[in-house]
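Shown next, in structure tokens, is the structure this report addresses.
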Amino acid sequence: MARKKIALIGAGMIGGTLAHLAAMKEMGDVVLFDIAEGMPAGKALDLSQAGPVEGFDSTLKGTGDYADIAGADVCIVTAGVARKPGMSRDDLLNINLSVMKSVGEGIKTHAPDAFVICITNPLDAMVWALREFSGLPHNKVVGMAGVLDSARFRHFLADEFGVSVEDVTAFVLGGHGDTMVPVPAYSTVGGIPIPDLIKMGWSTQEKIDAIVDRTRKGGGEIVGLLGNGSAYYAPATSAIMMAESYLKDKKRVLPAAAHLTGQYDVDDLYVGVPVILGAGGVERVIEIELGDEAKANFQVSVDAVKELLEVCKGLEPSLA
Ligand code: A3D
């Protein structure tokens, strides 16, 4: 049986970490694509030399030629630029939209059967753009944000309750960013919902509210601490979990930015919702009954994504 092929479009901080994880897990052979001269080949060579020590046989190749991603089973996209001082949100949108255009066309030409996971920010708009430019079926293009956001929520909750992160499940909906909607009622410790744990005296509403707020601002907290760049370990491991669910047809129930066609009263928009990820890509969007507060917060999040998309639709991306 041929090995699987994982193409990483963007070989920066997240791209390099993705390559490391994919090789360590022997998910398949890895191609690191980037426009930066030499860098993807350098990372691929460095990682290849970890193979004899770790005992993995995945091959790693760095490239600047889209032909090398041919036949990829999974493409994970982190290509783009980060917002720099003096750059407006629209400037950033325009640049990353152009990047999505060239990445989308590269995937369309060379890896049209791939399952595509977008990580580039602003996530909900970029995954939409990537789908448009690649022309792939909507169920084969998703955005990674929810797994990361819920992992942040789980980490903070486990810390608060003094329990293993393994026993904490967390539920996060909506767009990626300050408007995301962590839902404590669907988040549990050993199956016990957070509101019940508050009633049991394990925590207080104030503490949970503070955790929700910290989760929403989780990315910014790390940016502030790093001083240069943004989070990459947890984002990479989150995308790898999604890729594994697809490659192994695990049918994991994970939050992802998925294309909605009426679910949650949202039409033709990518927003974070729980989905089943299997060999068919997004096999099912799980539509749950939301309480009034979560519903109102979700709507704010959806409106923010819509607004961003309207700006995108007014821009004219060139190839980047
Ligand atoms: P970084 O280390 O800058 O890597 C981005 C790479 O993209 C660089 O190596 C660039 O050379 C490359 N690149 C730029 N233009 C192109 C192009 N046209 N084709 C191919 N490669 C190109 O960033 P990073 O790896 O830290 O982050 C990557 C993206 O993920 C950014 O947009 C972040 O904002 C985003 N991010 C998203 C999350 C989510 O949860 C959604 C979390 C963390 C970071």
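The backbone N, Cα and C atoms fix where each Cβ goes, glycine too.
Automatic prediction, not curation, is the source of TrEMBL annotations.
The number of other Cβ atoms within 10 Å of the Cβ belonging to His176 (active site, proton acceptor), over all protein chains shown, comes to 27. When secondary structure is read from DSSP and collapsed to three states, His176 (active site, proton acceptor) falls in the coil class. TrEMBL lists His176 with the feature active site, proton acceptor.
Just so you know, the Cβ of Ile14 (NAD(+) binding site) picks up 26 other Cβ atoms within 10 Å once every protein chain is counted. Annotation source TrEMBL lists NAD(+) binding site at Gly10, Ala11, Gly12, Met13, Ile14, Gly15, Asp34, Asn96, Ile119, Thr120, Asn121.
Around Arg152 (substrate binding site), the C-beta neighbours below 8 angstroms that are at least 6 residues distant in the chain are Arg214, Thr215, Gly218, Ala234. Under the DSSP three-state reduction, Arg152 (substrate binding site) is assigned to helix. Among the features that TrEMBL reports, substrate binding site is placed at Arg83, Arg89, Asn121, Arg152.
For 5-143, the entry in TrEMBL reads domain 'Lactate/malate dehydrogenase N-terminal'.
Taken from TrEMBL, the feature domain 'Lactate/malate dehydrogenase C-terminal' covers 148-310.
Annotation source TrEMBL lists signal peptide at 1-22. Panel annotation: around the signal peptide (1-22), residues 28-34, 36, 39-40, 43-44, 47, 50, 58, 60, 62, 69, 71-80, 103, 106-107, 111, 114, 119-120, 229-230, 232-233, 235-237, 239-240, 243, 247 of the same chain, lying at least six beyond its termini, place a Cβ under 8 Å from a Cβ of the stretch.
The 6 Å Cβ screen around ligand 1 retains Gly10, Gly12, Ile14 from the binding-site residues Gly10, Gly12, Ile14, Arg83, Arg89, Arg152, ordered by sequence position. Between the alpha carbons (Cα) of Asn121 (NAD(+) binding site) and Arg83 (substrate binding site) lies a span of roughly 10 Å. Counting in whole angstrom, Gly10 (NAD(+) binding site) lies 20 from His176 (active site, proton acceptor) by their C-alpha atoms. Binding residues for NAD(+) (Gly10, Ala11, Gly12, Met13, Ile14, Gly15, Asp34, Asn96, Ile119, Thr120, Asn121) extend across at most 17 Å, taking the greatest CA-CA distance.
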